[in-house]
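Data block below; observations after.
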Amino acid sequence: MTIITEKIAVLLGGTSQERNISLISGYNILNSLLKSGIHAVAIDTKDFPITQLPHQKFTKAFIALHGRDGEDGTIQSVLKYLNIPFTGSKTLPSAISINKFKTKLLWQSFNLPVVPYLHINKHEFNKKFLQKFKKNISLLGLPIIVKPNQEGSSIGITIVYSYETLYKACKTAFIFDNSILIEKFIYGEEYTISILGKKILPIIRICPENTFYNYNSKYLSNRTTYFCPSGLNKLKELELKKITLTAWNIIDGTGWGRVDVIMDYKNKFWLLEANTCPGMTDHSLFPMSAKKAGISYQILVQKILELAN
């Protein structure tokens, strides 16, 4: 394989709220590449000017960045300009998928099931605004979930059980972004679907210790339970795969990625979000799903790299 003679930049760290997770993912990926005999170097984009990659003879980039400037199309557009092949989706799919509001609009235009929501911009937000929209918000019903539009890893998210706490929840979300979503909180079972190339890996059902799959449940807790196989019957699994692939193809996702879905108590699926650069930590779902498919972490990293374009 010619891949062995190449020089791979593992882009990690960065400046987003998810920097720490990116560092863990990135160094896991780096160590795996080195074990495979691949010449790879860790590049923290917080300190390293990306435009220097060609001058240092890097031939490909493995993007292990999460959040803004790494998962939002920014780094992808620079790498494309530099003519350096990179892992994951291209610029536009990355920019769309990190923006939950625009992703929802796109999916809705194809009649896919998205969780009912309201979108609010920071410049129009105040207590009077919430009063004005109280009827719209009440149509969602309590509880509701307030989240920044462009943050991952459940950062800045609050579950609101009473209207008295809604203003504070919105203020918290606005710390992290200039626009937020207020969504209907769906009680049910969450599923994550990993996609490698054009293949769907085994589906995982997520059962957090508490009601919500938050940052602690994702990265720190050992009490979150994962079921893979998911326990869905064949018909529901086929339905979920169809919805997922359609959603992924609509945003033009390529390489590898993950789509998160929740099934309510009436057995209806609702799309949550798409992730074009999933985590690769010890707690991460993508390598967990790959392992169930018989793909080791080391082989998985190689396969993702081979899909770089």
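Cβ coordinates are placed from backbone N, Cα and C, and glycine is handled just like the others.
Annotated features in Swiss-Prot:
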DOMAIN    104-306  domain 'ATP-grasp'
BINDING   137-192  ATP binding site
BINDING   D260, E273  Mg(2+) 1 binding site
BINDING   E273, N275  Mg(2+) 2 binding site
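Recorded features from Swiss-Prot, shown on the structure.
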| residue | record | DSSP class |
| --- | --- | --- |
| I137 | ATP binding site | helix |
| I144 | ATP binding site | strand |
| E151 | ATP binding site | coil |
| T158 | ATP binding site | strand |
| T165 | ATP binding site | helix |
| T172 | ATP binding site | helix |
| S179 | ATP binding site | strand |
| I186 | ATP binding site | coil |
| E273 | Mg(2+) 1 binding site | strand |
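Other Cβ atoms within 10 Å of the Cβ of T158 (ATP binding site), summed over all protein chains shown, number 19. Between the alpha carbons (Cα) of N275 (Mg(2+) 2 binding site) and I137 (ATP binding site) lies a span of roughly 27 Å. When the Cα atoms are compared, I144 (ATP binding site) and E273 (Mg(2+) 1 binding site) turn out to be 17 Å apart. Note: the CA-CA distance between I186 (ATP binding site) and D260 (Mg(2+) 1 binding site) rounds to 13 Å. The Cα of D260 (Mg(2+) 1 binding site) lies closest to that of E151, out of the binding-site residues E151, T158, T165. S179 (ATP binding site) sits 16 Å from E273 (Mg(2+) 1 binding site), taking the Cα positions as reference. Long-range Cβ contacts of E151 (ATP binding site) within its own chain (separation 6+, distance under 8 Å): Q17, G67, F176, D177. Most other Cβ atoms within 10 A: among the binding-site residues T165, T172, N275, that distinction falls to N275.
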